[in-house]
Ligand code: S3P
């Protein structure tokens, strides 16, 4: 690692050569740090061991003797030893040494700041307090580990008047160890750490101690299973260090203990009363929150976490050629999956969903409702049971609701949350945080909601609770089902009637599902409306396969000579079948079989066999009906004879990526002739099924699931490998995409980090 080169310190002094100090030295050495490292520890054996291990160049037991010429001093001693160390330091440091930077690694910050104030008469500008969130139950320099800080967080808690250069030097020190450095206030740090670190240690110490005092302790420990081992590992930690932490962070720990005791009391009661609903609700919430928190903190996507792949590091390699054969069922419809959870949560009664999409987007919606107190069981193989809380039963979430990559979740939630009694905040991932939200915030404000957005109408959205909403008559400036649905959901809570006019038909799953839950939504022509103040009644929901996911296989078959694919149980709602209409116009051989209606939505098996395609002018009225299908349709166009022209599709520029540009960039790499315009694209193919349609190359999906999947399918007619970067987000809508493309006869391998 080259990071060590960025640490411009001539002499680093580590005071306290235990696990933390020793690992810092070890990590810096590994990173190529070439300055001197000096250790100071009351135990001469630790110093000798540090030298023997090659971690420090020299050291001793007297701090005063080690300070000379140090450029950066790291205090890595137990919290309660800090005052003595600081006093010695104050006496030993030359008065005019403003370039010497001091930092620490203590687990509580207010106590250490107070100590610095006592000793130095204020926190010196060259002192940057910090805390690496890493450790181990092991102690001593022998346990030093060069990877201890890699991909861990280091929190710095600088004072407002800190010397910026000092802050940058401490930051660089930790960054060189592979850590993610972030800043927060001392108070926030102590509050958060009391809950995430100090409380669990207290519980582990307490459990082991309680059991160790019992008469049958030998049996208990002898037969203890993995659960005991996992839960109590940290009870083997350094007692002195932890004593100091609990003394130093007393108030914050006591308050976290109060919350914990209240939760424990609730569970105790549930066990006592055999209250199965309360137990399942708590365990289910906790179990999913456990996975979800990892996702959030590690910045990995929900699904990626299961596969242990860091986000953005998933690359697809598609071999040229292959087949498109077979019968398959793609996952459940994303739009309906979101809505099933939303309406199920607000309904009276229990909603059983089957066919639910276990993709990250809909899972984010599900998790958000759990955080608002809704008991939800599953998903287990597409089955979800939602214990509805009624229109006014949601509880305030304890923090921001994170909806990942999902524009649908954020926009629909905006409407729904505008009607709640509590304040809320909606955030998302990097892609979502760039997408426009004024399209929902503006009309919601007209209804009386108070919503703040970040600059340019972007997320996060802060929604003020308790607003008295009023129905509006809204003429949508763009054809968007998300905006329409947002307003209808807000309308449930508004006084009077909420009417939405759409400039072109958009998917109507919200209207259909509301009707299915017994909430009347009317429609006449281009306008739909509902009356506020009603209620939803739970019922079963059968989510059909997502036509947007099916599209990749429709296009695969449409471009591959000899292909024959049947996609089972696909939703063919008239507001979603643009892809069927467009492919048919291009000459695809496509048939709808076994048409039926399932839970208010039309469904069919779609059979598609190869037939040569021709370029067409895509009818503008089909654009909203195929809005998510264009990346794949562009690949169909690249295989068709002649030019396919798309216009009126400016909405594609504000999806998970700018899909016109992202596709154009990829097509350029493959060597496909095309011309980009503001609201569309012209794509020209050779339509010759005897030769490959284009070359291969390396393509950036920009983290957009549909761009990644479209170029994967393109491999069927490429002359060379197509390598697609940044594919982790395929899991947002189509978690088993790779399995299914392999099953139909393509060769796609996944290369992880
Ligand atoms: C969706 C509506 C569409 C679509 C999105 C899902 C929905 O967005 O692109 O993937 O579930 O309502 P717009 O309505 O903003 O076009």
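Note: Cβ is positioned from N, Cα and C throughout, glycine not excepted.
Using a 10 Å radius centred on the Cβ of residue 628 (active site, proton acceptor) and all shown protein chains, the other Cβ atoms total 24. Residues or ranges marked as active site, proton acceptor in TrEMBL: 628.
The 3-phosphoshikimate binding site annotation in TrEMBL covers 334, 335, 339, 480, 482, 628, 655. Around residue 482 (3-phosphoshikimate binding site), a 10 Å sphere centred on its CB holds 23 further CB atoms from the protein chains shown.
Sequence-distant neighbours of residue 659 (phosphoenolpyruvate binding site): residues of the same chain at least 6 apart with a C-beta under 8 Å from its C-beta are 630, 631, 652, 653, 704, 706, 707. TrEMBL lists 334, 407, 435, 482, 659, 706 with the feature phosphoenolpyruvate binding site.
Under the heading domain 'Prephenate/arogenate dehydrogenase', TrEMBL lists 10-301.
If one looks beyond the transmembrane segment (12-32) by at least 6 residues along the same chain, the residues whose Cβ comes under 8 Å of a Cβ in the stretch are 1-5, 38-41, 46-47, 50, 53-56, 59, 63, 66-67, 70-78, 81, 85, 89, 105, 132, 134-136, 138-150, 173, 176-178, 238. Annotation source TrEMBL lists transmembrane segment at 12-32.
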When DSSP states are folded down to helix, strand and coil, where does residue 335 (3-phosphoshikimate binding site) land?
helix
Please name the residue among the binding-site residues 335, 480 whose C-beta has the most neighbouring C-beta atoms within 10 angstroms.
335
Local backbone state of residue 706 (phosphoenolpyruvate binding site), from DSSP in three classes:
helix
As a test of the contact definition, list every same-chain residue at least 6 positions from residue 334 (3-phosphoshikimate binding site) whose Cβ is closer than 8 Å to its Cβ.
357, 359, 361, 362, 408, 546, 548, 549, 733
Cβ neighbours within the same chain of residue 655 (3-phosphoshikimate binding site) - under 8 Å, at least six residues apart:
407, 435, 628, 704, 706
Give the subset of the binding-site residues 339, 435, 659 lying near ligand 1, defined as CB under 6 A from any of its atoms.
none
Rank the binding-site residues 339, 435, 706 by the number of other Cβ atoms within 10 Å of each Cβ, and give the residue at the low end.
435
